[in-house]
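Working notes, beginning with the structure itself.
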Amino acid sequence: MRFSVPMREYGISFAITWVVASMLSMPTLASSPSPDAEVIGQVDYQQRIGNSLPEELEFRDAQGKLVSIGSLTANKPLVLALAWYNCPQLCPMLLDRIANTTDRLPFGSDEYQVVIVSIAPEEGPVDAQRIHTELRNRHGEATSDWRLLTGKKPAIDALANAIGFRYARDPETGDYAHPAGVVVAAPGGKITHYLLGIRPEAPDLRLALVEAGKGELGSPLQKILVRCYRFDPQTGQYNLAVMNLLRVAGGGSVLALAGAILWMRRRERT
């Protein structure tokens with residue numbers, strides 16, 4: 001059966017109306033320029049596979065002990081994430097997801113090292129200890145061997161630059177805008193893999209650690225950035241993870257429209 005012309009035109013008109021209505025329903029996300037665009041524009045994750053972590057950089061752990069990056073990468077693969085310990089939204093989610101993922105790995109935590117480094121120089125061992133305690137309360141032994149570090153801005157920036165982690169601080173609010181993801185390094189500190197986003201999957205991390213243990217380099221991932229930025233529950237302002245998701249949904253609507261039109265045209269020819 002083929003569509004009559006009025007029926008086909010009605011179907012196309014309906015599809016167009018649906019997409020336009022969907023886009024108009026969120027004008028502030030689709031068309032209004034963000035006042036924070038300058039801060040947001042500085043956020044990125046530039047994958048630097050094959051680069052080495054600066055082994056001389058020193059940070060303090062949750063007990064206040066000074067440790068070097070080199071000492072953490074000497075004998076086993078490293079799972080590294082940069083975060084903001086006082087982040088109200090995305091960072092706690094990322095750390096929980098890393099814990100859930102590592103808990104499902106088929107080998108023990110003694111075979112790799114998870115390291116979380118704060119990007120905020122005003123944070124110290126007390127903040128690291130608080131976050132580590134919260135993680136252990138939620139995840140038990142899965143996070144007991146994690147090293148949560150804090151440091152001075154030159155060391156933080158040097159580490160961030162080494163892994164291609166571009167972040168910015170809002171001069172008005174003091175909030176940090178930064179990308180989310182995990183870096184995997186081989187023993188010795190060579191960067192081998194990136195797992196971008198807030199949900200590193202266990203099969204991906206397992207493969208990354210196995211290959212890192214052999215010194216094998218992975219391939220750069222298609223970049224789908226999840227940026228962590230402020231969310232105000234009082235005003236209902238979306239964080240950028242949600243905004244990006246809605247933008248993708250908008251793009252999906254356009255693809256759905258194109259697909260509907262193509263399908264109708266093919267039906268007309270049959």
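Residue numbering: from 1, along the chain as shown.
The backbone N, Cα and C atoms fix where each Cβ goes, glycine too.
What you see is a predicted model, and the numbers here were worked out from it, not measured in a lab.
TrEMBL annotations:
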- Cys87-Cys91: disulfide bond (DISULFID)
- Cys87, Cys91: Cu cation binding site (BINDING)
- 245-264: transmembrane segment (TRANSMEM)
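Mapped onto three states, the DSSP output places Cys91 (disulfide bond) in helix.
The number of other Cβ atoms within 10 Å of the Cβ belonging to Cys91 (disulfide bond), over all protein chains shown, comes to 24.
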